[in-house]
Amino acid sequence: MSLKTVFILLGLALATIFALVCVLLTRGRSPRSCQHLHPEQEDMEDGQSLVFADLTPEEMSQVVRYLQGKLGVPLVEASRAKPSDNCIASVDLQVPAKAEVLRFLDAGGARPAREALAVLYFGNQADPNITEYVVGPLPTPVYHRDVTVQKYGGKVPYHRRPVTGKEYMDINTLIQRELKKAPRFLAACCESDGTNLVILTTAPRGFKSGDRMTWFVLFHNVAGTGYYLSPVGLEVLVDHGDLQVSRWQLHKVFYNGRYFASTGDLEQGFVAGVLEVVRLKQPQADAVLGSMRPRRPPESPGPLQFEPQGPRYSIRDNRITFQGWSIAFGMNPNTGPRLFDIRYRGERIVYELSLQEALALYGSNCPGGMSTRYLDGSFGIGRFAYELVQGLDCPYTATYVDRHYLAETDTPKTNQNSLCIFEHDSALPLRRHFSDSQSFYYGGLRKNTLVIRTISTLINYDYIWDFMFHGSGAVEVRVHATGYISSSFFHGQGTDYGNRVGPHTLGTMHLHHIHYKVDLDVDGQLNSLETQDMEYEFVKDPWSTQNTIERPYLRRARLEKEDEAAFPLNAPMPRYLSFVGPNPNKWGHPRSYRVQIISFAGKHLPTNSSMEPSIGWGRYQLAVTRRKEEEPTSTSIYNQNDPWTPTVAFADFINNETITGQDLVAWITVGFLHVPHAEDVPNTVTVGNGVGFFLRPYNYFNEDPSVDSSDSVYFSSEQDTGACGTNPLACLSSAAACAPHLPPFHFGGF
């Protein structure tokens, strides 16, 4: 071997060793383009958003300890309390007055005192009632004040209190005891001794103020599946209004179209052979109607969304920032998600955006179904927002946040990972254009959106609550309904009230109406309301006067009074309705935000109904009123159990006050009529069952603010479209190398 050959081989060996060393040194490191970025935080004093923050578990506990030591009355933990006891029903944040908050946020004023709102049920006194206390300052309270009369104009009667878990348990015990009086009937109708039957509550509870009588619908219970599709035809009316549980009684029984005075009478009718019985077999888990168990083994996984350089949003305490957006978020245990101080590019657009109520109103030829008007706030929209399943309820790589609440217990509870935040690529351009005239170019921007999501499970239904923030400066609010339909036992003319979806199951028609509060502050607090719509005018053709032309023109109007700004549900509404600020944009138009509603609501309850005032907000698809501190919510958790004398009557908010140049609130109703059908089994799908609204900039800016997005794409026929420096889309192939290491799946929600 020649010396030259030796040197060549030696050189190759050294080069190989050097390459291997480089590989080993860089193994496990992300490419430089994959290093996580740190999104810029809004220039805002640290901790300012905490003025809106939900109470911490420790703050809740401090309030409980304070009340136990200062009220001077015996308090029983709500989970054990009888109606004749006193108990702490709930503790939540007392949101400070808006004027105080704005002085703090905008004018350097003092931080408002941090306070809690405690709701107590006083059953162990001469005048049983519901009392609300403001307790503060937190974290170490030293005072409490009764605000019940100030808020509601008087004491809140005790019968209006929501039903507690303990009360339901005592009712179930009563029903089980009464079922034992009809053993032969139960064996024949249901292959049951009663212990494998479950009850479903209805509401409201009676026909007049003071009533507390509830129809309970009985279903076959099958572990691991929804019992809501397996009614057995039996329903019972329970009177549970007395403070002494021993005095509660079963008031009426319904079976397969007939009414009986008691389960004993029902048994006698069966034994005498005068009762027609539909003999049902106990459903089996592998064949029960509505089972969600997979029928096929898993195949290849679907697309996975990930962030090559980590999240482009940031979260600090209760504030989220994302590409010019800034939002303070929280959760009310009763009414659910609430957002405050929503800013875009440093300017506040919305002071408060909060869910108020969710109504589900049913029809049926069975007593439980026909009398049901659920007001879900009284059950707990926020309280029953459970852990989200990563990769299905939200993207796998979303940020998951715990929420805490104190209700029906003296100990705070945590719903872990019950709210998620993520950036969503909708696979749709936010804007784009391909030019094939004069010059050749393409310009566009992907529609990437920040999403805040939580999901409430309210007995059978699951509501997906979304709040979305777009690069165009628009806010989108959307709710989807899924979960199980509620059902009645199919008998008689059942199809007048829905569709048959099983051998003995009637999917009962119902409507979902959802109410929101939107406190817009467009270019400042003082706003007016402007409408715009189109009309046609017939004019002579200017260049051919013997002809006419139908020319559309814009009809503008300023609404002066609240009555003008209350738009009935399902009635025509101006296509453009905007909150108008005091200043013009560059082109001379007032800076505005447009309210655009997407809804398919059913018919509102007739106004001559005795319970209609309790859901008076449902009369209007949109009502704009002057903001008042004494009108913080459109309803009350006490309206459910006394809708005939509502604690809060929204219609009273509309009293024809001036709305020009005022601090205004938009109250928005969205919803849909749902007639269940075969495809609602096992679950209602979200497709087509989503409604909501947009808040869209309308002359607020001088141009679409998304033009400043670093995600913008532009290339022309004269450029190399494959060059990463020219076209960001050409960089995506290398971004695929940044796929994250996903943590193992975990779910602790049970």
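Glycine too: its Cβ is placed from the backbone N, Cα and C atoms.
The domain 'Copper amine oxidase N2-terminal' annotation in TrEMBL covers 70-143. Regional average pLDDT for the domain 'Copper amine oxidase N2-terminal' (70-143) in the model is 97.
The domain 'Copper amine oxidase N3-terminal' annotation in TrEMBL covers 161-258.
Annotation comment: TrEMBL describes 305-706 as domain 'Copper amine oxidase catalytic'.
Summarising the annotation, TrEMBL assigns active site, proton acceptor to Asp376. Neighbour list (Asp376 (active site, proton acceptor), Cβ cut-off 8 Å, at least 6 residues apart, same chain): Glu357, Ala358, Leu359, Ala360, Ser456, Leu458, Tyr463.
Marked as 2',4',5'-topaquinone by TrEMBL: Tyr461. Sequence-distant neighbours of Tyr461 (2',4',5'-topaquinone) (same chain, six or more apart, CB under 8 Å from its CB) are Ala360, Ala481, Thr482, Gly483, Tyr484, Ser486, Thr684, listed in sequence order.
Marked as active site, schiff-base intermediate with substrate by TrEMBL: Tyr461.
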